[in-house]
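Visitor: Copying in the features that TrEMBL gives for the protein in this structure:
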DOMAIN    188-647  domain 'UvrD-like helicase ATP-binding'
BINDING   Gly209, Ser210, Pro211, Gly212, Thr213, Gly214, Lys215, Thr216  ATP binding site
Amino acid sequence: MTSSSLERPAQQADREREQDRLDLLHQQVGVLREHIARELRIVLRESTGTAQGQVERGATAERLTRRLAALDAAENGLCFGRLDRMTGDRLYIGRIGVPGAEPDDDPLLIDWRAPAARPFYTATAAAPQGVRLRRHLHTRNRRVLRVDDELFADVSTVPDDIQLSGEAALLAALRQSKTGRMQDAVATLQAEQDRIVRSPHAGVMVVQGSPGTGKTVVALHRAAYLLYTHQRLERSGVLVVGPNSVFLDYIGQVLPGLGETSVLLSSVGGLYPGVLARAEDHPGAAEIKGRLVMADVLETAVRARQAAVTGPVDVAIGGELIRLTRRFLADAAARATEGGVQHNLARPAFREAVFDELAGRLARVIGDIEAGFEEVLADQVDVEALERAVGKDLASVFGEDVSVYDIRAQEPIEFAERKADWLDKLPHDPVARKLMDSLWPVLTPEGLLTELFTDPDRLAEAAPQLTEAERALLLREPTAPWTLSDVSLLDEAAELLGFDDRAETERAAARRAAQRDYAQGVLDIARASHGEDGTAGAGAQLNAADLVTAEQLAEWHGAADLRTVAERAAADRSWVFGHVIADEAQDVSPMTWRLLVRRCPTRSFTIVGDAAQSSDAAGSTSWQQALEPFFGTRWRREDLTVNYRTPAEIVSASRPVLEAIAADLAPARAVRDGAAPPRCERTTTQEFPARLAAVAAEAARGGEGGRVAVIVPSATLERLATAVAAEIPGTSWGADADLEQGVVVLNVRQVKGLEFDSVVVADPQGILDGSARGLSDLYVALTRAGQSLHVLHPGPLPDVLRHLAQEAT
Ligand SMILES: Nc1ncnc2c1ncn2[C@@H]1O[C@H](COP(=O)(O)OP(=O)(O)OP(=O)(O)O)[C@@H](O)[C@H]1O
C-alpha cells in the first residue's frame with residue numbers, strides 16, 4: 001500500500017514544544033474546572049427559596065455537574081492533533097474545545113466535532129483542503145510520547161490505493177492489543193467514516209459495511225457529533241441500540257469517554273422499561289414473534305377482553321337478575337374505544353355505561369315492585385299502618401336509605417333518586433366489580449402476553465393467521481422468563497393497553513432513588529473539586545459536602561427531576577428520542593422496528609449493519625425489504641469499504657463463506673496484512689473438548705496479553721466452556737461473559753459486533769447446522785479476529801472451508 005503523504009521523523013524539539021502546549025492546555029482546563037466547581041458550590045450553598053427557584057438551581061447544578069464530567073472525560077488524550085494551514089495559522093484539535101484565557105483570545109483547543117477540525121480527518125495529498133501539515137500527538141498521562149507528521153506540500157505522487165488519514169497513527173492504534181473494551185477513534189477517524197459521522201442528513205441513513213469497517217465506531221461518533229451540533233438533542237437524547245448486553249459492555253465506555261451523558265445505550269432486550277430480557281426463544285418462535293402480523297394478533301387478543309361475549313350476560317344483583325344483551329355490551333364497548341382509546345383508558349367509559357344500565361334497570365325494577373304494592377295497598381289496607389309494619393323489612397332488603405316514604409314519592413324523582421343511589425353503590429358492590437373484571441379487566445402487557453402464550457384457546461382465537469404448528473411454537477410455561485423477542489410484543493401490548501399504574505409507581509420509586517444518587521454524586525464531585533487534602537481551591541470558601549447531606553440535597557431538589565436525560569429516558573416507555581442509532585441492525589425484527597419508530601416518530605435514524613451477517617431468523621438480508629414498511633423509500637445508504645480489524649489473510653479465509661451467502665458479495669479491503677495464515681485442524685469427537693482447551697491455551701499464551709475468544713455452537717456451549725475453563729482458570733462464558741478476561745467462550749449471537757486478538761472457531765459444522773442462517777453465523781465467527789484465527793473441527797470440514805485444509809497442508 002502506498003502512503004498518502006510523506007511522513008517525516010518526529011524531532012525531539014517538536015516533542016518538547018508540543019509538551020509545552022499540552023501543559024498549557026491542562027493548566028487552562030484546570031482553571032476552567034475550578035471556575036465551574038466554584039459556581040457549583042455557590043449554587044449548593046444558596047438557601048432554599050420558591051419552588052421555581054429550587055427547580056432552576058437544580059437544573060443549574062445538573063448542567064455544571066455535566067460540564068465537570070465532560071472535563072474529566074477529556075483528561076486522557078486531551079489534545080491529539082495539530083493542523084498547520086497554508087495561510088500560516090495553526091489549530092490544535094482535541095476532545096473538547098478550550099477557550100483562550102481572555103475573551104478575545106483564539107481558542108487554545110478546537111473540539112474534534114467543530115467544522116474547523118474537519119480537515120484533520122479529511123485532508124489528503126490529492127485534496128489538502130488548505131492544510132500544509134497534519135500532526136498526530138501520541139500522549140499518555142499528560143506526556144507527549146511521539147508525534148507523527150504528514151506534510152501535504154510538495155507531494156508529487158498521488159496514491160493509487162486506500163487513502164488513509166494519519167496512516168502511522170491509525171496503524172499504531174490498530175496494532176494495540178485488545179482490552180475487552182472498545183476505544184474511541186477521535187484521533188484517527190478516516191475520511192469515509194468522518195463523512196458519515198458529520199452527515200447533515202436528518203432522516204434515515206443506512207450505513208452498510210463488511211465486518212471490521214468501523215460501523216460501530218461511526219455510529220458512536222455520530223451520536224457524539226449530533227449531540228455537539230444540535231443542542232435540542234441534549235434534552236431529548238439519543239438512543240443507541242445494540243444486540244445484547246455483552247456488546248453494550250464492550251462499547252459502554254466510548255460515549256462517556258467523550259463526555260456525553262445524553263445517550264441511552266440499550267440492548268434490544270432492555271427496550272421495555274422494567275424488563276431486562278436475556279433469554280432467547282427457539283429460532284422458529286423468535287421469527288414468528290418478530291413478524292408484523294403479531295401486532296394484529298395482540299390487537300385481537302385485547303379485543304377479546306373487551307366484553308366480547310357470545311351471548312347475553314345475566315347479572316344477579318340487588319336481589320334481581322338483570323340481563324345485559326350482547327348488543328348492548330357491544331355498543332358500549334364500541335363507544336368506549338371510539339377514536340382508538342386504549343384498553344385501560346377506555347375502561348371507565350365502558351364501566352360507566354354498564355353501571356348506568358344496571359342502576360337504571362334496578363331502579364326501574366324496584367320501582368315497579370313498589371308501585372304494584374301501592375296499588376294493592378291503596379285498595380285494601382291502611383297505608384300508614386303498613387308503612388310502619390314493613391318499613392323495617394324493606395330497609396333490611398334494600399338498605400337503610402330506602403324508606404317506606406319512597407313508596408309514595410312522585411315517580412320521576414323517585415326513579416332518579418333510586419338510580420343515583422345504585423350508581424353510588426355499584427362501584428363497591430362485589431358482584432358489579434366481578435362483572436367488570438370479567439367483561440373488561442384492567443390488563444398489564446405482561447399479563448396479556450402470559451395469558452396469550454399459556455392458553456392454547458386464547459392463542460387460537462387471537463392468531464387465526466398462524467398455523468397450528470406455528471402457534472404450538474409460541475406456547476410456553478407461565479413461569480418462563482421473558483425473551484428478547486417478547487420485548488417488542490410487551491411494548492406493542494403496552495401501546496394497546498394504555499396507562500398502567502404499576503409502571504408509574506415503579507418509575508416514581510426509581511426517580512426518588514436516582515435523585516438520592518445524583519445528590520450523592522454532586523457532593524462527591526464538589527468534594528473532589530475541593531482539593532484532595534480537603535482544603536478549598538483558589539477563592540473557594542466552603543465545601544458543599546460540609547454543608548448538606550445527600551438526603552438533604554435530594555429533598556431540597558425534590559421539585560426538580562435531576563436525573564440525566566439517559567436515566568429519565570431509560571425509565572420512561574413513552575420517551576421520544578431526538579435520534580436513534582441501531583447497531584447490528586440486520587438482526588432487528590419487524591416488530592422491533594415498529595417499537596423503535598415509536599421511540600422516534602420523527603424518524604431520525606442512523607442504521608448500521610451488514611446484511612451478510614444477519615443471523616436472526618426474524619432479521620433481514622435486504623435493507624430494502626426490512627425498512628420499507630417503516631420508512632418507505634425515504635432512506636439513504638452509505639457504504640464503508642475498508643476493513644480495519646481483520647488482516648488480509650483472515651479476510652481471504654472468510655471470502656468463500658461470504659460468496660456462499662450471496663454470489664455478488666465481496667469483502668471490504670483489509671488495511672493490514674502480514675498476519676499468520678489461519679490454522680485449520682481436524683480432531684475426533686472424543687478428543688474435541690480437550691483439544692479445544694489446549695488450542696485456546698496456546699492462543700492465550702501467544703497473545704501477549706491480548707484477548708482470546710472461543711466461538712462455539714450454542715448447543716454445546718456449556719460443555720465446551722467447562723472443558724476450556726478446566727484448562728484455563730478465569731475463562732468466562734455465556735450471556736454474562738466478562739470480556740476483560742483473557743479467554744471467553746461465546747456463541748455467535750453473543751460475539752456479534754465484538755473483536756478479539758485471537759479467535760478459535762470450534763466445530764464450524766455445528767455452527768452451520770445451528771440455525772437457519774448458519775452461513776451468516778459462520779461468517780460472523782470467522783471475522784472477529786484482529787491477529788490470528790484457528791479453526792478446529794471434529795469430523796469433516798464444511799465445504800465452504802475446504803480451502804483452509806488445502807492451505808494448511
Ligand atoms: N478510524 C479508526 N481508527 C482506529 N480504529 C478504528 C477506526 N475504525 C475502525 N477501527 C477499529 O476497527 C475495529 C472494527 O471496528 P467496528 O467494530 O466499528 O467495526 P464494525 O464494522 O462495527 O464490525 P462488525 O460488523 O464486526 O460489528 C475496532 O477495533 C475499531 O476500533
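Keep in mind that glycine also has a Cβ here, set from the backbone N, Cα and C atoms.
A TrEMBL annotation is a machine prediction, not a hand-curated record.
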Visitor: Which of the binding-site residues Ser210, Gly212, Lys215 have a Cβ less than 6 Å from any atom of ligand 1?
Guide: Gly212, Lys215
Visitor: To see if you understand the setup: which same-chain residues, six or more apart in sequence, place their Cβ under 8 Å from that of Thr213 (ATP binding site)?
Guide: Leu640, Thr641, Val642, Asn643, Tyr644, Ala668
Visitor: For the binding-site residues listed here, Pro211, Gly212, Lys215, which shows the highest count of neighbouring CB atoms within 10 A?
Guide: Gly212
Visitor: For the recorded ATP site formed by Gly209, Ser210, Pro211, Gly212, Thr213, Gly214, Lys215, Thr216, which further same-chain residues have Cβ atoms within 8 Å of the site's Cβ center?
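Guide: Counting only non-site residues, the set is Val217, Asp610, Leu640, Asn643, Tyr644, Arg645, Ala668.
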Visitor: Measure the Cβ-based neighbour count of Gly214 (ATP binding site), defined as the other Cβ atoms within 10 Å of its Cβ.
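Guide: Around Gly214 (ATP binding site), other Cβ atoms within 10 Å: 25.
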Visitor: For Ser210 (ATP binding site), what is the tally of other C-beta atoms lying within 10 angstroms of its C-beta?
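Guide: Ser210 (ATP binding site): 27 neighbouring Cβ atoms within 10 Å.
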